[in-house]
């Protein structure tokens, strides 16, 4: 790289692992990484937090937004519609509490995570919090008799899948609670199984059940899911995380339920079993994005193969330019401890290095003792990992992967990201209504943050799904003269960037705008020094 001219501001971006990012080979890139190099100022990876009892008050939600939460996830495997409606209200109240300052305002998206066609156990002794100890070698009867629905104990376990006796064989395994408890089927009757406890432990109420290898014939969208999705449309959620997606037609079913009123809701398919991994390409095509749901996936396929599935899915999503979320057990130990294990720190960083657009927290924020610390930890790790990306190689490969496209917006996006590397731009400013222009730029993974200015609130909230997009909502009325309206929005982005420390006077930014009103006309690129 040639040295920047002396009249150019000393953009912070020139120091961050830049030496490593521009290496010629991957080995050389690794050799040049430097622990004393500062991290990226703007975090490019989205942080998704599951909201539960530990985090649903407006006060804690405000702190979580300050700490870096971009998307609030509501898990519909638990809780009533009233409970979730209140949580959504609280998330929005917390978000709007920052609305008076357009520079500091951060739109937060709401995601509905469906229960999906899952199998769950009944209540232990009639209580949601009771637990029983299952001893290794003990006999446990699994029954479909509804008399035991709320009377499970260490001898009898009820579950809600009526065809279990048809799909499992003697010698099959039944896993409960993310695989913590494993049962071996010894004999089967018409409506019961006799199993031996292979791996014991304490069993709580309403735990998930996995039947690896069994051809489970549950519908893609259950009756409960239909009610939940309709509730989501009424509540104006921004995205749906669809559980246990096995094929493209499952995604179409979810879309059908969302209907005309929910047509702008993004559908993120959760890949949680062998069939989903096998039919990944058709699912990716039908979806707006993908979640690598490592919890159930790690039971349905061997645990030592999960990383292969993760890398394959992230790679294919990056190639297709669709968002991908890495989830489950990212900072699991922080449910009970204030610091993560070294392995967890590594895991979060490697998910970012693999190319994940977003990283997710589940129990850490929903029920953990340290919800804020977990968000801050993900924020810090993501910034370090982003600085350490092998940007030069990544950009070359992304361009090579899409060289035959004649899409004008794609050409603009590619050109602007290339220019941002050449002039060491501190940010890319994109004016967008539908968000498409910003998504295309994000696809080429610039080092610098993409400040996307929009008047559409939903566009701003959904932009968090894409790596590198920093959405800014313009609340000023549209100016009559198009050129003045463009200047108004670019100035807003400049002010936000300066206030957030992304750049300062004299740095260079790249500005992408349309030369006339109307969606789809982002076709002008300017290289502008920051005033």
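Numbering starts at 1 and runs along the chain as it is shown here.
Any Cβ shown, glycine's included, is placed from N, Cα and C.
The substrate site recorded in Swiss-Prot includes 73, 295, 296, 328, and the single candidate from 89, 270, 311 that the record places there is 270. Record note: Swiss-Prot gives 70, 464 as L-serine-binding, and the candidate from 32, 106, 500 in that site is 106. When the binding-site residues 76, 482 are scored by other C-beta atoms within 10 Å, 76 scores highest. The two recorded residues, residue 266 (SUMO2 cross-link) and residue 113 (K(+) binding site), have Cα atoms 12 Å apart. Straight-line distance linking the Cα atoms of residue 106 (L-serine binding site) and residue 97 (phosphoserine), rounded to a whole number, equals 10 Å. Set side by side, the recorded positions 75, 77, 97, 195, 432 differ in how many other CB atoms lie within 10 angstroms of their CB, and the most is found at 432. Its Cβ taken as reference, residue 127 (phosphoserine) is surrounded by 11 other Cβ atoms within 10 Å in the chains shown. In terms of C-alpha distance, the listed recorded positions 70, 100, 115, 127, 195 place 70 closest to residue 432 (beta-D-fructose 1,6-bisphosphate binding site).
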